[in-house]
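A quick write-up on the structure given underneath.
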């Protein structure tokens, strides 16, 4: 049975069983709408990462485990004065009020016991003092130098703070502890700023930084809202003239979720207004209301089926529903105009319309089906939802809509588009060619950007706070991470190798490592043995004897330095965890993953970093935001250059199958060429970077714009009336209404899709209406017949 006969038979059967058919459709639509009551949008950023590249996905997951993932940072500043007492009081008020909310914990002051830390380091000096530096002591500690250091120790004991220094001097009379402090400079996570009185002051002294943590996950929108609400309530209790800004990853999640939610409301209103405007201008009949309602029902039913299939939906995918609605209206519009201005029986009109309509629909649906092979989950979501929505809209347009269109036929009073005559035709072709050349010149300027931050919303307030954080305390969020994982002792040894390799190339402000604080057991044992061997050797023995001799001369008791001399004896190294004072800032640099230990080293994200680590001696993972963006750009580029040709080949085959003549196929492809070239050309000239959502838009432009060319060529080939022109024009306007609404979205991802397809469709519709008839003049059609 041919397609035309099947359509005729189906229409005849459904006409006889009109009420049961409509009732069944209504039940299905209601069921789809009911499923939306359980709709929960996913905010998981992994949907934007190619999940068929395990290495790239692994890098993203590890980047999400950054030390800043669960950190809370609060910048407190006075608008005018630098009154530190006033700022510390405000910090206490803010922290107390925030902690009361139970969503996180801020520390008012960092309890850093510097004397206790120094004492611990000095007591552990035998296992911490680098063995390689011991021979240098023989030249450094001359008889005169020993005397000077003992005098400094005596002066310190007699000073007002002498009582607190007693243990340090007894354990380290030669002030060897200075060698230990060199490594501690690499444990400063902030890089800038000043630590005074337990507070982290900005470098310019105008701001104060509070540090805390939360258990709320990055993707928990409700938890993020609770964090922001707690911060606002705490800030409201601050004295006038003092402001506090909370900075954490959860706030970015909330900002994007709220932007999408706001955009969905605005898009819905704009699409409704745009479609009603088109409806009022071109349909002008309330009996055409099913043309608008049935595609909407198809979209709702498609959403319900997608939810039942278990596919997660992001807010971006749901926002794309407005676009699907604008495209789905096309099929109903062609059916409406063909039946409204019919000169034959409805079943004959539907039979004649079915072939171009089905072919056009298949190209659009096929474009979305191509997205199902994308490496990006969000593109597969879009493809699955849109393809299903368009398929349902097509079936409803062909099988259900004719049952609801009861208006009598009306003649079409509509002037033809100005394409007749060789002069006008040549002018159109020349103008089209010139515009294509200009657009192509811009297209070669387009650059691909895989930075996820460019398709995520960053509110100005958060951007300003992050900039202030970088200026006052350093870049806490933009560093590269070097991950080591394995058995504890092995990982600590590798971490020491990594630190020794990088410390000569990076300054303390550009490198943060736990190696100086937590050396491996092998290193501590070797240091302990070398320490004992040195002091029992000739060089160390000379220094120890000179120390004993001069101690009495400077007024020290014979047993004053007994702890120091006792450290010469070999002892087992002491196992100690990370000192508690470092926990607030450095605690997340070391984590347990089952029985394995993970250690992170932070380094400035520079191009030469990968070169320093490429010898393969360390079993390490480099997590560089800069390299990750470059690799993601490459993945987006590969995905685009795979999907776009697939969509193009599919469109070409379907068009050739329907039209079967090279000249007609080329003419039908003219809107596609115009749309794609215009999209890239304007993006290039406007300096708009090409991201993964522009890649989605490219496939859409290919699949959608071919419909206009097919219908116009079919009309010219089969001697149709101007009904097709009107249907193509109105279809283009409804699609522009859908995509135009996205172009006004505040969220970058929705905007990227909207502006790209808006340009493509905006260029394709005039091409279809004016250029396609010029490419297929009646004379050529007569000759080919």
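Going from the start of the chain as shown, residues are counted 1 onward.
Cβ from N, Cα, C; glycine included.
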Of 217-236, 237-256, 357-376, the range TrEMBL labels transmembrane segment: 357-376
Region pair the transmembrane segment (692-714) / the transmembrane segment (640-659), three or more CB pairs under 8 Å: yes
Folded-back contacts onto the transmembrane segment (666-686), same chain, C-beta under 8 angstroms, at least six residues removed: 432, 435-436, 438-446, 651-652, 655, 659, 694, 697-698, 701-702, 704-706, 708-710, 712-713, 756-757, 759-768, 771-772, 775-776
Rounded mean pLDDT for the residues that make up the domain 'Membrane transport protein MMPL' (200-406): 80
